[in-house]
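Student: Swiss-Prot feature annotations, pasted as is:
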type	residues	note
ACT_SITE	24	active site
BINDING	27, 55, 56, 57, 76, 99	ATP binding site
SITE	27	site 'Important for catalytic activity'
BINDING	57, 99, 258	Mg(2+) binding site
């Protein structure tokens, strides 16, 4: 656990006090975004000259002056959901790179950090927090095989809230990319991380601050339960989706998206809408971090979890795989992660008159430990 006094800060310092939103809950609802884009050129998901335009995880842009090459780029940021700045930096890196992993790209030409310091920080708080955030971001980049990838930090801005994120850029050939548009009836839907990370983080903060919601958790759960759930979430949220992206190529995945602020069903629907064929994504399993469903029920927030709409930060990839490849993918994924991460077959793809994603009535909830 982060101990602020060891860094010269007040013992009661909490980074999460410098924001009113946490993690990817800072996103406006998907339908609101669609309303703003409606009737504009930005709305078009397949603009001329773009393989991927608005609405998906990252931009894939053919380079007109360099035929055979494409620019892959994403910009993403969020607000603190943990009090440990170094841990926040690690989660931020995983979250930023995930958008590019969703199209099967695993090499980066540059990664740029986006950082803003809160206007409410003292000079000492700013020096400690920003330094540790940068350390976590950079160390995670190096530890995951990107020691030679340039990390750029152009400027540090002042903002009412502390913001952390980045820009990931890759220039590659078309064979390195898995476009998110080729789902086929009969495909199996695989999810590479459990849901519930954001709620696990929230519960940890309730515990720290002894809130009314924390007292509700104690009616059926212990402090040890909250700690265990938080640790599972940290393990999941700091893990990069790199191995999943590599296995997408090995098993000829048809498309993928990463699960963040719009929730599983929101991102699944967005992916379904992007397909060349009219398809229905039918989700019949929801893998959720241990205790999270119980936590959400105790504090009256279970509806979003039971409907597949819980906000996620640094979530897994939702991948459409040929039916005969799904079991092999899951076995290889567990082996590639040394058994420390799990993937889940959560549904299937069928032909449809209109593309959509739905949660089956008899959905199965799977409690996940890592």
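Cβ coordinates come from backbone N, Cα and C, glycine included.
Since this is a predicted model, take the numbers as computed values, not measurements.
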Student: What is the one among the binding-site residues 76, 99, 258 whose Cβ has the most other Cβ atoms less than or equal to 10 Å away?
Tutor: 258
Student: In whole Å, how far is residue 258 (Mg(2+) binding site) from residue 76 (ATP binding site) when you measure between their Cα atoms?
Tutor: 12
Student: Sorry to bug you, but what's the C-alpha spacing from residue 258 (Mg(2+) binding site) to residue 99 (ATP binding site), rounded to the closest Å?
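Tutor: On Cα coordinates alone, these residues lie 6 Å apart.
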Student: Could you say whether, by DSSP, residue 99 (ATP binding site) belongs to a helix, a strand or a coil region?
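Tutor: Where residue 99 (ATP binding site) sits, the three-state DSSP reduction gives helix.
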